[in-house]
């Protein structure tokens, strides 16, 4: 392994941070040895409760069950908005930076309270009640956050669907969630282009009976079809709504939201997060991982359609009374300096983005960064996938001027909040390492036979004890939760990731070990992409694997077998990419398509994906044993025609 570059925390920086190493060690030890006391103290410190809990936690990983703060009642919206009004009514809660550099808004906590309260009444006036599911299919505009908080206020369960998903993908999620309402916009705007959200929503709703309301925000004023009485303009409904909307006090374990994530079986799974544990852990991690202090301007570049947007644009920051920035655009529009121009414009102190964005910006050179000041920055973060040390060093040296610590955070949709990360004032940084576990997190490394590995080792990453923001179930299919996360290693949660632990106890995430790709920080199931490809009448079979991509982290490599009499062509490549875009969305479009005369299969008919991964990676000297294949000659043909030479 190449030499690891260690970056000690500067002494003057340590003095200003919320947590030093001694405090981290003490808190972490208590969180493992006396979790009841630890989490009770954090719950009192960070959240407001209507009624107290009976028990802090009870869990059984064999059954995939966990409950935190049972007996307590609270409201997530109240904790994110109302309780801040006495001291923060005039403080900016959300800075919105539009796609064009001359568009921005500052929304105070008082304004946020009024908008969300009205929005809650709009939903109630349309018959949405506690426990109902509401799908949100929105661009990155303040109304997306209002919608989430309004649902939480009235006890409805939101399910945000990323605006880049296709009508078919949206339809699947609406049906699975059994939603009664959809909140969307006429169009989204991103990188100077419009996204036809209402058109997509109309296609998705075609033939669906459960949705009685489609509330539409006017973002661009573009032409849209209208279906009364289902369709309602947001601005018209809000004009008549009262701002008096009492929060619905819910049980600690009542669901806050469902968020769909890719699985290895091809059918997206609805990850259910509940109110108290999720809100507590997002508040805790936002405060200490980002060393958030009063007055800081915090910017997470994620989309609210992903878990990072839920936890670290909306719930975590607002629970802490922070100022959070929402960005509608992309890092390279109108030019490659945009991110750093936004940092200077709004005096951003904390910047949290994905390695994919860092690598893309690194590829455009230092000049777009260096023509800006960035003097306000004090902390940088990364999320979504492992960051390679070269990109880490560039981010540290060029973006942060070698003075801003980087928090490389590992977590998942299912974990709800950051699980492994360095605390900026407490530990020395190693480029590319996610570092140390957060409070209450007990990681373990397992070998393929299920034996736990001690000391410095590499293996499959598991979590050995429950944590407050843990996934509670897969919506409508608890058995799938058990099969996916709690069956591989008895009594442990299996993350699906591989990891290495070094001699200092630092963790290094090595990537997925299951059939899920991590493309630009977005999880995509290979089976879902394969299912889309074989819809084409020329394709008999498809197998999708990941390969190393300089910008995206992982690229999508699709092997496709043709029907008899069909031939591969550039036209067919385009048609297949368009088909995947239509079925899932542009993020799932294959980078490389390899027309294969056959796929390597065992005699029982199982595709040997290990071999396909090796060929896609151009690692031809480590294919391993191919003698068990039904037709070993297929491998030579695949090698000769490989797309990633």
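Cβ coordinates come from backbone N, Cα and C, glycine included.
According to Swiss-Prot, the protein carries these features:
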- 190, 191, 192, 193, 308, 520: CoA binding site (BINDING)
- 384, 385, 386, 408, 409, 410, 411, 412, 413, 497, 512, 523: ATP binding site (BINDING)
- 534, 536, 539: Mg(2+) binding site (BINDING)
- 606: N6-acetyllysine (MOD_RES)
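Features recorded in Swiss-Prot, as mapped to the structure shown.
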residue	record	DSSP (3 states)
190	CoA binding site	strand
308	CoA binding site	helix
384	ATP binding site	coil
413	ATP binding site	coil
534	Mg(2+) binding site	coil
539	Mg(2+) binding site	strand
Worksheet item: What is the maximum Cα to Cα distance, in Å and rounded to a whole number, among the residues 384, 385, 386, 408, 409, 410, 411, 412, 413, 497, 512, 523 annotated as binding ATP?
Response: 18
Worksheet item: Per 10 Å Cβ neighbour count, which of the binding-site residues 192, 386 ranks highest?
Response: 386
Discussion item. Just checking a number: largest C-alpha distance across 190, 191, 192, 193, 308, 520 for the CoA site, rounded to a whole Å.
Written reply: 24
Worksheet entry | 534, 536, 539 excluded, remaining Cβ within 8 Å of their centroid (Mg(2+)) | 533, 535, 537, 538, 540, 541, 542, 560, 576, 579
Discussion item. Taking only same-chain residues 6+ apart in sequence, whose CB is under 8 Å from that of residue 534 (Mg(2+) binding site), what do you get?
Written reply: 540, 541, 542
Discussion item. Neighbour count, 10 Å Cβ-Cβ cut-off, for residue 308 (CoA binding site): what number do you get?
Written reply: 23
Discussion item. Could you check which of the binding-site residues 409, 411, 413, 512 is the closest Cα neighbour of residue 193 (CoA binding site)?
Written reply: 413
Worksheet item: Say you check the Cα of residue 539 (Mg(2+) binding site) against those of the binding-site residues 190, 192, 308, 409, 411; which is nearest?
Response: 190
Discussion item. Going by DSSP, is residue 520 (CoA binding site) sitting in a helix, a strand, or coil?
Written reply: coil
Worksheet item: Hey, how far is residue 192 (CoA binding site) from residue 411 (ATP binding site), Cα to Cα, in Å?
Response: 32
Worksheet item: Cα of residue 386 (ATP binding site) to Cα of residue 190 (CoA binding site): how many Å, rounded?
Response: 26
Worksheet item: Within 10 Å of the Cβ of residue 190 (CoA binding site), how many other Cβ atoms can be counted across all chains shown?
Response: 18
Worksheet item: Quick one: which of these binding-site residues, 384, 409, 411, 413, 512, 536, have their CA within 10 A of residue 520 (CoA binding site)?
Response: 384
Worksheet item: Taking the Cβ of residue 409 (ATP binding site) as reference, which residues of that chain separated by at least 6 in sequence fall under 8 Å from it?
Response: 289, 381, 382, 383, 418, 420, 421, 434
Discussion item. Comparing the binding-site residues 191, 384, which residue's C-beta has the most other C-beta atoms within 10 angstroms in this structure?
Written reply: 384
